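According to TrEMBL, the features are:
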{"type": "COMPBIAS", "residues": "8-21", "note": "compositional bias 'Basic and acidic residues'"}
{"type": "REGION", "residues": "1-21", "note": "region 'Disordered'"}
{"type": "TRANSMEM", "residues": "30-53", "note": "transmembrane segment"}
{"type": "TRANSMEM", "residues": "162-182", "note": "transmembrane segment"}
{"type": "TRANSMEM", "residues": "194-215", "note": "transmembrane segment"}
{"type": "TRANSMEM", "residues": "221-238", "note": "transmembrane segment"}
{"type": "TRANSMEM", "residues": "245-263", "note": "transmembrane segment"}
{"type": "TRANSMEM", "residues": "311-330", "note": "transmembrane segment"}
Amino acid sequence: MSAQVSEHPTEHVAEHRADAAARERRRPPLLVVVTLLTAILTVLLIAFAWPAARSEPRDVPLAVVGPEQAVAQVKAGLEQAMPGGFELTAVPDRAAAEQRIKDRDAYGAIVLGPQQPEVLTASAGGPAVAQILTQLSARLSPENPAKVTDVVPLPKDDPRGAGLAAGALPLVLGGIMAAGLLTQLVKSGSKRMIGAITFAVTGGLALAAVLQFWLGSFEGSYLGNAGVIAMSIAAISLTLLGLEWLLGTAGLALGAAVMMLLGNPLSGLTSAPEMLPSGWGALGQLLPPGAAGTALRSVSFFDGAGAGRPLVVLTCWLVAGLALCALGAIKSQRVVHPRHEAQAATV
């Protein structure tokens, strides 16, 4: 009896050592871990720094008013100063140029009057573009500097638009955190969806209140601004929930990476979509952060002009998220039923 008792501890120790050795063999080598971390860090730097470092005007739409010969000279001068930077559209008068700006068909305008040229800007539509146009105004007529008029200015409390630009990251993180926490804390898929939608509403109301009433970064309808933010948070969180439902943790990580590494830096909120590297600005507008930023500018400062397309993009993402969740629910049902049948057969 005593011999048998003395053998068991030795066996357990040997098994424990074998399991530990097996786990150690399954772990990736230190060099692989360091290489992977370095690659992730490099990707993060490229994702956030590259669009900003390569930011410059690319076919930025402008309106121009004046005699045909003068307009041709301005086009040639702009093309020489910034090749491919601007796309000029001739309009009959200053009022038409101003209307194009307010309709978000142009970022600004050049009015070549008989007395003094005038440059119309819209800092609310893109502070970076407005700054470039202001700098170019001195080149139009060195002897008679152009007058600069901000047709749609940013709020006095936030003249640089810092609040809207900084709000992009919390908006993306809100959707990602909602999906991550709900998948960890809530077992029911339907309750996760309800939680995501409820959080989107409360988060939209809270973020809009801070940006509009405290920081003074927004104008226009508070409920309209809150609605756009809520749509974007819901679009992100529901999409990630659906991906996690279908693909597990890998799906959640993939969706979060797309929103954070592509959606946020390509949103164009710090400059303008037309100032991002060719093609990437258009891609950013097809992702929730970029669509939300454009819709917020339109709703807050332009009475909704130009909000149609970004709202359609957000709606598509919202519907896609719901569809992914529905597919995840169907997949779960197919997995659960065979288990019940197997248990019944065993009994």
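Keep in mind that glycine also has a Cβ here, set from the backbone N, Cα and C atoms.
TrEMBL does not curate its annotations; it predicts them automatically.
Listed by sequence, the residues of this chain that lie at least six past the ends of the transmembrane segment (162-182) yet keep a Cβ under 8 A from its Cβ atoms are 192, 195-196, 199-200, 203, 207, 211, 215-218, 229, 232-238, 240-241, 244, 252, 255-256, 259-260, 263-264, 267, 269-270, 288-289, 292-293, 296-297, 300. Under the criterion of 3 or more C-beta pairs below 8 Å, with sequence separation of 6 or more, the transmembrane segment (311-330) and the transmembrane segment (221-238) qualify as touching. Taking Cβ pairs closer than 8 Å, the transmembrane segment (221-238) reaches residues 171-172, 174-176, 178-179, 182, 193, 196-197, 199-201, 203-205, 207-209, 211-213, 259, 288-289, 291-292, 295-296, 299-300, 304, 307, 311, 314-315, 317-318, 321-322, 324-325 in its own chain, all 6 or more past its ends.
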